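Contents: one structure, followed by commentary.
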Amino acid sequence: MTFIINGEEQEVAATTLADLLLALDYEGGWLATAVNGELVHREDRADFRLGERDRIEILSPMQGG
Amino acid sequence: MLKLYDVEVRSRLLLGTARYPSPAILAESVRRSKTEIVTVSLRREAVGGKAGGAFFDLIGELGVRVLPNTAGCHSVQEAVLTAKMARDVFRTDWIKLEVIGHHDTLQPDVFGLVEAARILNGEGFQVFPYTTDDLVVAERLLEAGCRVLMPWCAPIGSAQGPLNPMALRAFRAHFPDVPLIIDAGIGRPSHAAAVMEYGYDAVLLNTAVAGAGDPATIAEAFALAIEAGRLAHGAVPLEPRDIAVPSTPVIGKAVFT
């Protein structure tokens, strides 16, 4: 399916958010995810089914002030 | 002790984590500042990237409380979503709420700020709003459920120090029981001492430390200045006068004529 991941269009073979993170080699307990502007808790990613052209944000901690 | 929501802290300095020359200097600055609270951000992680993980581990090792922020958010929707994502990562209800309204001055969009604060307070967050020194906006933030206010004293990163002491003093006087943290605009330890002398409860710094020639040493200098300013405020400093007043008594002065 085609997704918009962190603002960039990408083709990824995944049907759930957890599958997508695995397919793209994202790992770690520090990631935050949102789909189409809504938070998806880390514990809900395995059951969260993705649709064509879903907008996915994957964030992680960064230096900030 | 300073109470911020349900947490008591000894240090009245909050430190940002951005723009340090190296992670080691950041860690040393945190240590020498004796801060108990650091602010952090969330950003898009690159595919396969592990940068966030390394930073997450570093913050964990510092042994301090984390205050995630919504830095760089320009809309209510963006700020609210970022806050929720930060809570998911850091497992804290604390959020430093920024809704930026102006590109050049990084002045908060105070209308969006109040709206975002209302939403987040309703969702169980404990909001630390980055705001201006406007009393009416501050009233609205308190009505929206905020129990801490963070007025700027000058634009973010400008190092200008308190540009409007009268407004900052009025802000303090108007909200005697609300913890007030000066956020943004401090450049030097003397600026921090000044706002603490006005009666502020704490100071949040980033660029003033990270951008200094020796960040760790100036972090310690800030900690001392903040403590000095706090002590001075409690001691009721002398008010300025327009005329000279001799400090040595005139009575008993020898007359050599």
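Each residue, glycine too, has its Cβ placed from N, Cα and C.
Note: TrEMBL annotation is automatic and uncurated.
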Matching residue for the 1-deoxy-D-xylulose 5-phosphate site, where TrEMBL names B:ALA184, B:GLY185, B:ASN206, B:THR207 - out of B:GLY145, B:GLY157, B:GLY229, B:GLY234
B:GLY157
Run through the Cβ atoms and count how many others sit within 10 Å of the one on B:LYS96 (active site, schiff-base intermediate with DXP).
28
Consider each pair of residues in B:GLY157, B:ALA184, B:GLY185, B:ASN206, B:THR207, all listed by the record as binding 1-deoxy-D-xylulose 5-phosphate, and report the largest Cα separation in Å as a whole number.
9
Taking the Cβ of B:ASN206 (1-deoxy-D-xylulose 5-phosphate binding site) as centre, how many other Cβ atoms lie within 10 Å?
25
CB contacts under 8 angstroms to B:GLY185 (1-deoxy-D-xylulose 5-phosphate binding site), restricted to the same chain and 6+ apart in sequence, sorted by sequence, are B:TRP152, B:CYS153, B:ALA154, B:PRO155, B:ILE156, B:SER158, B:ALA159, B:GLN160, B:GLY161, B:PRO162, B:LEU163, B:HIS191
Once the DSSP letters are reduced so that anything not helix or strand counts as coil, what is B:LYS96 (active site, schiff-base intermediate with DXP)?
strand
Cβ-Cβ distance under 8 Å to B:ALA184 (1-deoxy-D-xylulose 5-phosphate binding site), same chain, at least six residues away:
B:LEU106, B:TYR130, B:TRP152, B:CYS153, B:ALA154, B:PRO155, B:ILE156, B:GLY157, B:LEU204
